[in-house]
Structure formats: structure tokens, C-alpha cells
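K.L.:
My structure is below; once you've seen it, I'll send some questions.
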Amino acid sequence: MSVQCEERWRREFGQVGKWKSLGGVIRSLWPATRNQKMTKRNRRTHSPALKAKVALAALKGDKTLAELARRRVFAPARIAVLRLLASQAATSLENTRLYRELEQRETKIRRLVDANIIGIFIWDFEGHVLEANDAFLRIVDYDREDLMAGRLRWMDLTPPEWLARDLSQWIPQHKVTGRLEPFEKEYFRKDGSRVPVLIGVATFEAGGNEGVAFVLDLTERKKAEHRLRESYEMLRELTSRRETAREEERKHIAREMHDDLGQHLTALRMRASMLAVQFGKDLPALAEQAQALTALVDNTMRVVRGVIASLRPAALDAGIGAALEWLAAEFNRNPRTVCRLRVQDENLVLNEDRAIVLFRVVQEALTNVARHAAASQVTITLERTPDSCVLEVRDDGQGFDPLATRKRSFGLAGMEERVLMLGGRIVVVSSPGNGCAIIVHLPLFHETGDATDMIYT
């Protein structure tokens, strides 16, 4: 008997140590006054004639609720009955423990629901809201009277476009898996306005008709996202205007240098040449100084032409293909790296904004190759699709980590903004030791100003 009941008794009453008899354990569990009475009784019963004894007690705190004891020799039939009773008592103790654990868990769950940290409601597949906490009622702006009257249905709370998705996607998936990963949707408030929410749902049991939903109000988050998006769009617009103003200023400076400074340098050269012709025979020293002045003016004019070309190359007026050929030729003056150009359509015509953007991207990319890539070869490819043009600048250099470089690279950021302001996208593909490829997709026709961010791989 003690062997069969020992484990369950220990779990219930927490006794440890070696069991000599149930009587010894019973004495340790009873109050002191009860033990004194049992000690007197045991003196009368502990005799050589006593062959078996069993005692079972059910306690609650310091109180004895029930006792089962026998001091005489048990017949086999009675032993079977006692074993049955002991088994039932042990089962009762186990059930008591389980009920207590269940009650504790229910208390914890109820405390979570009543804390109103997050909206919680119980639902069924027919669209009813069976129970809800105050947090959920506040989200949808209903009161508990509406809930008790059955006026709260999650299908009625869901806007038509979201309900169609619920019925066609989420509910069939939910019936198979019993749960859904959290997803965003909207609910109607009582006044008809909408509230964005993040919701996660699960059924209580596999194949069941009821479940629980956890709902988080995303109103403040959406407002913050909207403000951030507006700030980002404003920043992008300012960047676009800055780049446009910069290009206009470059064009203006280049024109002024070509027209004014160029004319003055040309006139100065002509005067120096005339001095050499008129007075060179009589004044050899003057002729020598005039020739030196002419050489200095020629060198200055070359510098001015280089500055004008860097500000705005005249090749841009001949088209993007000619402008890229000029860039490749300038880059090939560096003997360490070979630049190859492949233009699919020599007659490709782009408006000035797109041509300048592609030109500046290639210019920045070639500058980075010359400074950092340690490449032996770089290839520029320009292709046209029905609705866009695709530019690629690829080198075989040492490569880099684009995500790490982006934080401190104004060059990459400048490329990105130039492309985004025309609705294009730019992809940077690189890794240490594997070179780099910069790919630009630029739409030929773009009016909305929409754009996507740079992609790094």
C-alpha cells in the first residue's frame, strides 16, 4: 500500500526521505495535539500480534479532513478493497493538485486580459465577438453594453476589402494551421472611422470553431510613419532641387568661362603674337618674352577647357553616347586600368535631365574605381528596353561591403539621389575581393516622381 501511494503522496504533501511506514509520515503531517493522541493509540496497538496497519489522511493546512486506518490483520478480500480505496484517494489528491494548477493558470490569464495592455477578444468563425477586454473595446470605440447585446461582430468591424482577404486567405489558412502570424489590417470604429491594427489569432484547439485574437492599435505608429515619409519626401525634393541648381550653376559657369574668359585669353594670345611679329626682329628679348607669354596663354586655355569639360562637357550636347565616350577616353589616360564602353543604341536620345544623371553616375563610378578599386579593367554598358534604359558600370577590383560603405559614402548617396529623383532605381552588387557592379534602371518616361530606394547586395 505504501509503495503504491508513495509517489502521489510526495507530490501532494512534499515529503522526502525514506518511508518506513505510512504511519510515520502521517505523524509528521498531523498537528502536534493529534500526534499525542496517536502515540497513545500506537502503544496499545504495537504488539507482536499486529501483522499489518495502514493509515491515510487528507489534510488542508493544519486540518485533517479524512482518515482511513486499520490495525488488524487484513484478509485478501479486504486488502483488495483497501488498495482500491488507496488508489481512489491518490487519484483524488492528484485531481486536487491539477485543479489548483488550472485555477492558478486561469488567474494568470485573467490578470493578463484585465491588465488591458493589449486588445484581446474571443471570436468564432461565424463572425461573432464572444468576449473582449476593455483595451479592445477602446480600440474600436464600443462599450460593454454593445458586446453583451451581441452588436459586436468582427466581420462587421472589418472593411470590405479586408474582409474579402480574410475570407479568401486568412480563414482557410487558419482552419488548416490553427494560427496565423501577426498581420496588419483595419477595423471600423463605432463612428465609421478606421483604425489600423496589428492582429494575431489562434484557435483554442485543433479544428475548433473558437479562438482568441490579440490586437495592437497602430494609429500612433502610422502617424509617425506618415510624418517620417513626409520628411523623407521633403528631403528628397530638396536634394533634387539642389542637384538641379548645381547643374544649372555648372552650366552657367562653364558658359561664362567659355564665352568671357576664353575670349579674353584668345585676345591676349593674339596680342602676344602681334608683339612678336612687329618687334621681334628689332628686340629679340621682347620676341622671346612674347613667345613665353603665348605658351603660358595656351597652357591656361587648356586648363580652362578642362575645367569647362568637368563642369559640363560639350559632348553632352551631342548625346549620352558621345558623353560616355568622352568619359571613357579621359579615364583611359590612366595606364593602370582599361575602360571599355559598349552602347547598344548609338542613336539613343535622352532628355537633358536623364542624360546628366547617367553621365554623373558614370563619372562618380569611374572616380571611385580610380581611387579605391585597384582594378585592371572597367566596363561601361548602356542598353535600352522598351520603357527604360539600363546602365551598368562593372570593375574587377577589390570590391567592398556596400552596406558598411553606404554610411560614410557621399558618392553612393549622391548617385542614389540622382537616380531616385527621376523615378529610377540603382543596384550596387559588390563584396570584398569580387569587384563591383553598379546597375541603374532609369525609366524613359516618368511624370509621377515616385521612386524606390537603392538596393544593396
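For all residues, glycine too, the Cβ spot is worked out from N, Cα and C.
As listed in TrEMBL for this protein:
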COILED    221-255  coiled coil
DOMAIN    105-161  domain 'PAS'
DOMAIN    181-230  domain 'PAC'
DOMAIN    256-446  domain 'Histidine kinase'
K.L.:
Residue list, the coiled coil (221-255) vs rest of chain: Cβ under 8 Å, 6 or more residues beyond ends.
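P.N.:
Distant contacts of the coiled coil (221-255): 196, 307-308, 311-312, 356, 417-418, 420-421, 451.
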K.L.:
Check the domain 'Histidine kinase' (256-446) for me and report the mean pLDDT.
P.N.:
85
K.L.:
Under the DSSP assignment, what numbers of helix, strand and coil residues are found in the domain 'PAS' (105-161)?
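P.N.:
Helix/strand/coil tally for the domain 'PAS' (105-161): 29 helix, 12 strand, 16 coil.
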K.L.:
Please list the DSSP helix, strand and coil residue counts for the domain 'PAC' (181-230).
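P.N.:
Tallying H, G and I as helix, E and B as strand, the rest coil: 12 helix, 26 strand, 12 coil.
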